[in-house]
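As structure tokens, the structure follows; a few thoughts come after it.
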Number of protein chains: 2
Amino acid sequence: MTGLPDLTAIEAMDAADPLRAMRDRFVVPEGLVYLDGNSLGAASPAAFAELEQAAKVEWGRDLIRSWNKAGWFEMPLVLGDRIGKLVGAAPGQTVVADTTSINIYKALHAAMSLRPDRTIIVAEGGSFPTDLYITEGVLSTRPGATLRLEGVDAPSIEDLIDENVAVVLVNHVNYKSGELRDMAALTKRVQDAGAVVVWDLCHTAGALPIDLDGANADFAVGCSYKYLNGGPGAPAFIYVAQRHLAEARQPLSGWWSHARPFAFEQGYAADAGIRRFQCGTQCILSMRALKGALDIWDDVDMHALRRKSVALTDLFIQLVEAKCEGLGLTLESPRDSSRRGSQVAFRHDNAYAVMQALIERDVIGDFRAPSTLRFGFTPLYIGFKDVWTGVEVLEDILRSDAWKDERFAVKAAVT
Amino acid sequence: MTGLPDLTAIEAMDAADPLRAMRDRFVVPEGLVYLDGNSLGAASPAAFAELEQAAKVEWGRDLIRSWNKAGWFEMPLVLGDRIGKLVGAAPGQTVVADTTSINIYKALHAAMSLRPDRTIIVAEGGSFPTDLYITEGVLSTRPGATLRLEGVDAPSIEDLIDENVAVVLVNHVNYKSGELRDMAALTKRVQDAGAVVVWDLCHTAGALPIDLDGANADFAVGCSYKYLNGGPGAPAFIYVAQRHLAEARQPLSGWWSHARPFAFEQGYAADAGIRRFQCGTQCILSMRALKGALDIWDDVDMHALRRKSVALTDLFIQLVEAKCEGLGLTLESPRDSSRRGSQVAFRHDNAYAVMQALIERDVIGDFRAPSTLRFGFTPLYIGFKDVWTGVEVLEDILRSDAWKDERFAVKAAVT
């Protein structure tokens, strides 16, 4: 792109967008510039329809019989394989269950069980915090095991990997900066040292094409309520490479992970396949909304998605830097799109107030402590005009000092 | 009750039932005798309405803003306190989150953390199996800890409790027989030996009045999709007595359990209250269906509920034993209603086939391996006429040998 596009050029970009029609399959409130699909993806008529069918017909009319008749029992596996398809996992390696945090717990224990003679977990100091909190929880149950942190014990995660490391827990896309790691290269580096890797795909799944099997990944976890649009708190997923399934053990060994859950045996026997990474009965209604959302993905070309994602984020950076120059913003995301996910972060000394002012004017991104404005671009329902409008409002708020109003002052933030 | 009631007497019982009007607040399909509310409770217009509001308005229109605006963040605590009210827990001790299996894992670890010098977990050989499987999972992460099982290591759980026992995990109502334990007495016995108790309330919550605080219980877990009617796989709950909250630690230390989840701190610090028993982001849609179901409970007198439950189960036993005498059924539940939950089990050599035949004729209970017919009686929407009809159909199936049809032959059962 050369020169700064004007509104006519922006509208031409929307008109030429091969994914433009996808927007009609989502509920995007009129007038809202929603740059927060990386926190909660938009709703869809497809999700509503599944939810209503599951509630009114399957629960309401068929009751307990729906566990078989409506396929509730198999849904974690069926939806797991469908997410697997979006992240490069062949069938039988992915299951939808529980939360990302709980799946990290399972994955870390399972990874440690594969390397019983090693005691170190490597993670990122800049990780989304739950990864670290859960790691502490795992360590609390494994006496002698310790943690090495990127940014604390060494500047780069690669420098922390040696023959004592059992497992490396790493985010594919950083939740704050959007920095994208090279999955194949880091996986190889970890495995060359004899360790296993757990990829956190929360900001990856549905945001860009990836290939877990092709990268020879060991484990992965991720959520379905961001780019996959599964609904608020939709259940998470876990991927375990086929080669580890027979051997990897995790201690959340509830009856759904048993080889014969309905034999009601007294002793535990783990299922031989990916079912062993389930635990208890899943939230069927929430899972059905996710099913509706996943139906939309059947028609999405992930490479077209990525091209549009790059175009959206490049445009946003270009417009912000041109229009808001000298207004206190600094790019926190990688400028090189090949090293960036589908989100852009800018630093501002008063990021909290600026984001509150944006939200009041119907431009929704989010604030991340202490000073980050984070904007997510979900190519299925965000257009180039949204980027244009978002930057216009941002510029106006900064130029007018509108964010200095006392109603935007920092308080105990919960978003 | 003297003599066998006839249909006129049964109809008079329904007419005099103070809970009769509650049935209209549920969706009970016409012609169905649903004696399986102890496996999946019935749906309700209230649950549907909450679900639709949460999906279409809060998710669809308000998107991320609903975490604050619609109270999504606080919902696990708000609903926790509402369930707490039904099980005798003062506010601030109960949270709705995750699954029963996962909450057992949290509770066992937390209980062990309170008794660091003790190594033994006591449980029931006849427990619902997930309790035992999860116990094995906990033991796998606590080297040196071991299990003592009622029915294996001694006939009675009381005989297994001594000064080496850290925690006793026990079902208040047995999932199969419906046998009801004396919560206050067993809690005292456990605590007199210096141990702590974890009560599994899956077949209790919403089935009969209980008083966790009054019994001085330490921990409790339970599900919300049975008698509480929260919907398929609705999230579970966990209760931790106030006196333990500051000290009890559980390793599923996700960000929702952190003292300051939105400060995005690198190090873990557990919340001081019941929030520390949360872990990750919950299934909001499923949780909202549960909220709708709980609204109904505001108008229920738990003692009236219990009176009706006893009358229903007493009637069922009386009618089955009178009408099906000599047809191969043996009562497996306690005959004394003061020792029985809201369910009745009969043994039959061909229980699987008999239950399939019943289901085909719209009388729904469930089969529990190897030879149990289990019938649940949820007083909010089951009437005395349902009991009458259910027994009539059961008698007919047994007298006519209808269950011997090959389509009811045992196969790999999943219900």
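Glycine residues also receive a Cβ, built from the backbone N, Cα and C atoms like all the rest.
Curation plays no part in TrEMBL annotations; they are all automatic predictions.
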Can you pick which of A:Tyr34, A:Tyr225 TrEMBL lists for the same pyridoxal 5'-phosphate site as A:Thr100, A:Ser101, A:Phe128, A:Pro129, A:Thr130, A:Asp131, A:Asp200, A:His203, A:Trp255, A:Thr281?
A:Tyr225
Same-chain residues six or more away whose CB lies under 8 A from the CB of A:Phe128 (pyridoxal 5'-phosphate binding site)?
A:Asn171, A:Tyr175, A:Asp200, A:Cys202
Recorded positions A:Thr130, A:Asp200, A:Tyr225, A:Lys226: which sit with Cβ under 8 Å of a chain B Cβ?
A:Thr130, A:Tyr225
Cα-to-Cα gap, A:Thr130 (pyridoxal 5'-phosphate binding site) vs A:Lys226 (N6-(pyridoxal phosphate)lysine), nearest whole Å:
16
Recorded pyridoxal 5'-phosphate site residues A:Thr100, A:Ser101, A:Phe128, A:Pro129, A:Thr130, A:Asp131, A:Asp200, A:His203, A:Tyr225, A:Trp255, A:Thr281, farthest C-alpha pair in Å:
30
Largest tally of Cβ atoms lying within 10 Å of a Cβ, found at which of the binding-site residues A:Thr100, A:Thr281:
A:Thr100
List the Cα distance (Å, whole number) between A:Thr281 (pyridoxal 5'-phosphate binding site) and A:Lys226 (N6-(pyridoxal phosphate)lysine).
23
Same-chain residues at least 6 apart in sequence whose Cβ lies under 8 Å from A:Lys226 (N6-(pyridoxal phosphate)lysine):
A:Gly37, A:Asn38, A:Ser39, A:Leu40, A:Gly41, A:Cys202, A:His203, A:Ala205, A:Gly206, A:Ala207, A:Gly376
Three-class DSSP secondary structure - A:Thr130 (pyridoxal 5'-phosphate binding site):
helix
